[in-house]
Amino acid sequence: MTSETPSMTLESLRTVPKVLLHDHLDGGLRPRTVLELAEAHGYSGLPSSEVDELGKWFREAADSGSLESYLETFAHTCGVMQTEDALVRVAAEAVEDLAADGVVYAEVRYAPELFVERGLSLEAVVEAVQAGFAEGERRAAKRGKFIRMGTLLCAMRQHARALEIAELAVRYRDGGVVGFDIAGPEAGFPPTRNLDAFEYLRTNNAHFTIHAGEAFGLASIWEAIQHCGAERLGHGVRIVDDIETGPDGTVRLGRLAAYVRDRRIPLEICPSSNVQTGAAASIAEHPIGLLARLHFRVTVNTDNRLMSGCSMSSEFAALAETFGYGWDDLQWFTINAMKSAFLDFDQRLDLINNVIKPGYAPFVSA
Ligand SMILES: O=c1[nH]cnc2c1ncn2[C@@H]1O[C@H](CO)[C@@H](O)[C@H]1O
Ligand SMILES: [Zn+2]
């Protein structure tokens with residue numbers, strides 16, 4: 001793989017266009033915002049009342065080695081996101097933060113059912129978040145930053161509301177909602193529990209991805225693709241369990257891994273998050289190295305910027321440092337992501353040709 005032209009620093013990484021497909025709204029709050037919203041709305045359960053300490057608490061608590069404990073930290077972010085004002089603020093700030101990091105297209109996801117504790121309707125939740133995204137796009141534009149947002153609505157695997165949320169996603173598809181996902185604990189909650197939702201979405205020509213192959217293995221990936229019809233896989237890293245590397249370095253793909261690669265099914269890989277939940281032992285041992293080498297449709301993502309203390313640029317920096325990736329590789333990840341977005345084909349092409357390629361041109365070999 002190629003080496004760098006201008007040197008690769010966090011600063012220079014921030015300047016190149018990046019595309020983010022897997023980022024949770026309730027996992028990306030600024031610690032200061034969590035504190036201020038808690039105070040404004042009388043949420044008293046926070047583990048610290050000091051900004052830096054609170055940020056550190058989220059990172060350390062999420063660094064738990066299990067998806068279930070990692071997910072417990074979301075009680076606090078969801079706890080402060082129960083009003084329209086809070087949702088607008090969190091959404092607008094997410095766009096500002098992504099734009100400041102050089103993200104040009106982002107699909108940000110959240111589960112509307114988690115924000116109805118104080119009486120908001122599902123529709124009010126969606127409309128508040130969309131208003132926040134639009135406000136964030138305006139603020140970014142004022143600072144000369146272009147960013148386009150797409151929304152994914154999640155249903156929680158452990159609740160039984162997937163069909164209702166799928167219907168909500170379709171109802172708002174002309175209002176900025178580009179797709180659907182299921183999130184939450186994976187073990188014990190196979191994606192086939194929500195078949196009615198996936199059938200509904202396919203019948204309506206709607207897009208969806210599924211968190212699969214993170215905390216649970218191949219069976220979950222197989223169900224997500226072959227029973228549910230997922231277009232992309234959230235994480236999907238356990239696909240390596242279907243890849244054998246022989247003692248002489250030869251690699252053999254099982255039928256599922258071959259299917260995923262042949263069909264160019266995008267993997268929404270989130271390296272730092274995977275290390276925190278124990279899905280990978282370290283960045284160095286993360287399957288992304290092998291999967292990228294084998295030309296799976298690999299994309300790089302943040303998952304939860306608050307819990308991992310990361311950004312797209314810092315994920316790129318960590319991968320470049322560990323695997324020796326150069327600018328060409330980062331452009332490849334970015335174009336992979338743009339190709340895999342739930343956006344109309346002509347708009348994806350436009351962003352690739354008019355934003356991404358020109359943005360990398362000074363950095364990559366001709
Ligand atoms: O990596 C993950 N795997 C599964 N579920 C997740 C992950 N990160 C966040 N959430 C869950 O998705 C919800 C909606 O945004 C969050 O509230 C969290 O419970
Ligand atoms: Zn996720």
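Here the Cβ of each residue, glycine as well, is placed from N, Cα and C on the backbone.
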In TrEMBL, H22, H24, D303 are given as binding Zn(2+), so which of H159, H207, H211 is in that site too? H211
Please list, in sequence order, every residue of the chain apart from H24, D26, G184 whose Cβ lies within 8 Å of the Cβ centroid of the substrate site. L25, G27, L71, F74, C78, R109, Y110, A111, L114, C154, M156, A183, N304
Residue pair E214 (active site, proton donor), G184 (substrate binding site) - Cα distance, angstrom, rounded: 11
Might you list, by sequence position, any residue in that chain lying six or more from H211 (Zn(2+) binding site) with a Cβ less than 8 Å away from its Cβ? R157, D181, I182, A183, G184, E186, G234, H235
Less than 6 Å between Cβ and the nearest atom of ligand 1 is the rule; apply it to the binding-site residues H22, G184, H211. G184, H211
